[in-house]
Amino acid sequence: MSKIIVRGGNILKGEVNISAAKNSVLPIIAGCILSDDKCIIDQAPMLEDVFVISDVLRSVCAEIDVNRKDSRIIIDSTAIKDCEPAGELVRKMRGSFLLMGPMISRFGRFKLSLPGGCNIGTRPIDLHLKGFSALGAEVNVGHGYVEAYAKKLIGSKIYLDFPSVGATENIMMAAVMAEGETIIENAAAEPEIEDLAKFLNSMGANIIGAGSGTIRIIGVKSLRGTTHRPIYDRIEAGTFMIAAAITRSRIKINGVNEEHLKPVIAKLTEAGVFIKIEGDTMVVDGTGDLKPIDIKTMPYPGFPTDMQSQIAGLLSTVHGTSIITETIFENRFMHAAEMKRMGANIKIDGRSAVIEGVNKLTGAEVRATDLRAGAALILCGLAAEGETQVTDIYHVDRGYVDIEKKFQGLDADIERVNV
Ligand code: UD1
C-alpha cells in the first residue's frame with residue numbers, strides 16, 4: 001500500500017505531458033478480441049486498470065504483451081477461448097464488463113461475474129443487456145453471473161434510455177459483426193466512443209456517426225488486426241488545468257484536444273482562469289482573481305462528472321458561493337467529507353454541493369475514496385498549508401500515470417511512500 005505526501009504552498013511551473021486516455025484504451029483493448037489477428041496499441045497509458053484488463057484477457061487465453069518501457073501493448077487473441085474469465089479479476093474492475101459485447105460477437109456466448117456497485121453509485125448494466133437482447137442474444141442474470149447466448153446476432157434499432165458510455169461501447173462492439181444494420185439512438189457522444197469507432201473502423205468495421213447521438217453500424221463479416229494510438233486523456237489534462245488554478249500558478253500542458261476539453265475550458269474561463277491554446281499545447285494561468293461558479297455535470301459535451309471532485313477542490317479555495325449539481329452518479333460527493341477535514345466548507349444537499357470558499361485549506365490525512373476523489377485531494381494538498389497525506393492511493397493509480405512524478409516535474413513538493 002502506498003500513500004502520497006504533499007507539502008502545499010509551492011507555485012507550480014514548467015510543463016507536463018498528458019498520457020493517452022484510460023477510458024479510450026480500456027474499450028479498445030476489449031475490442032482487440034474481435035479479430036484473431038494481432039492488434040497493437042501505441043502510446044498506451046501504463047495504468048493499473050490496463051494491467052487488470054490485460055490479466056482478465058490472459059485468463060481467457062489471449063496473449064498480451066504490455067511493454068511498459070515503450071508504452072506499447074500487443075494483443076494476440078488467436079488462442080482466446082470462450083471460457084469464463086477469472087471472477088476475482090473481473091470484480092476488481094467494472095471495465096471488464098466491456099468484454100461482454102466482443103465475446104458474444106466472437107463466440108456467440110459468454111458468462112461473466114456480475115460487476116458490483118462502487119463508491120460512486122450502484123452502476124447498473126441494464127442498458128448493456130437491453131442492447132444485447134435487441135441484437136438477438138438470450139441474456140440470463142442470476143447467482144452473481146450474467147450469461148448471454150446468440151446463434152447469430154442480428155442488427156437492430158436500439159434506443160438507450162440514458163446515453164451510457166459503457167453501454168454504447170459494448171453494444172457497438174457486439175453489433176460490429178452482426179448481420180445487417182444496427183442503429184443506436186440516444187447514444188453517448190464522448191470522444192472516447194469516437195476513438196473506439198475509429199479503432200474498430202481501422203480493423204474493417206463500418207461505423208458511422210460515433211461521437212454523435214445516433215450511431216449506425218453496418219455489420220461486416222470479419223475484422224483484421226490494426227495499430228492504434230488512443231486520444232489524449234481529457235480528464236488528466238483537466239486535472240492539471242485545475243492544479244494550475246488551485247495553486248494560482250501558470251503551467252504548460254502538452255497533449256490536449258481543445259474540442260474535447262471545451263466544457264472544462266468554458267467553466268475555468270468563467271471562474272477567471274486564463275487559458276491559451278496552440279495546437280495540442282495549452283498554457284493555463286491561474287494567477288488572476290478567481291470567482292465562484294455553478295456547475296452541473298452532464299453527458300458529453302456537458303461538464304464531465306469525472307472532473308467534478310477536482311473542481312470542487314478548486315472552488316473550495318475561491319471566495320464566494322459555488323454550487324455543483326451532480327446528475328450522472330448518485331453518490332459522487334464522497335470527497336466532500338475528506339475535503340472538510342482540510343478546512344473546506346461544503347454542504348451536500350441531495351445531488352448538490354454548496355461550496356463556500358475558505359481563506360485557506362490546511363493539510364490533513366485524507367483518504368482517496370475513488371479515483372477522481374483521490375486526484376482532487378492531491379490538488380487540495382498542493383494548495384493547503386502544511387502537509388497532506390492521501391491514503392488508499394491505489395484508486396488514483398487506476399487512472400493517472402506517474403501522478404507524483406508529473407507533479408514533481410512542475411516543482412510541487414510531493415512524494416510517494418510505501419507503507
Ligand atoms: C464511463 C467512464 C467513467 C465516467 C462515466 C460517465 C469508462 C471506463 N468509464 O463509465 O469514467 O465517469 O462513463 O461519464 O469509460 N447506467 C444505467 N444503466 C446502464 C449503464 C449505466 O442506468 O446499463 C447509468 C449509471 O448508473 C450512471 C449513468 O448511467 O448513472 C452513466 O453511466 P455510464 O455512462 O454507463 O458510465 P460508465 O460507462 O460506467
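Cβ coordinates are placed from backbone N, Cα and C, and glycine is handled just like the others.
Checking the candidates D70, D76, D306, D349 against TrEMBL: the one annotated together with R94, R123, P124, I125, D126, L127, I328 at the UDP-N-acetyl-alpha-D-glucosamine site is D306. Highlighted here are the binding-site residues (K22, I125, D126, I328) whose C-beta falls below 6 Å from ligand 1: I125, D126, I328, in sequence order. With respect to Cβ neighbours within 10 Å, the binding-site residues K22, R123 differ, and R123 shows the lowest count.
Taking CA atoms as the reference points, R94 (UDP-N-acetyl-alpha-D-glucosamine binding site) and N23 (phosphoenolpyruvate binding site) are 12 Å apart. Within the model, the domain 'Enolpyruvate transferase' (7-406) carries an average pLDDT of 95. P124 (UDP-N-acetyl-alpha-D-glucosamine binding site) is surrounded by 12 other CB atoms, counting those within 10 A of its CB over all protein chains shown.
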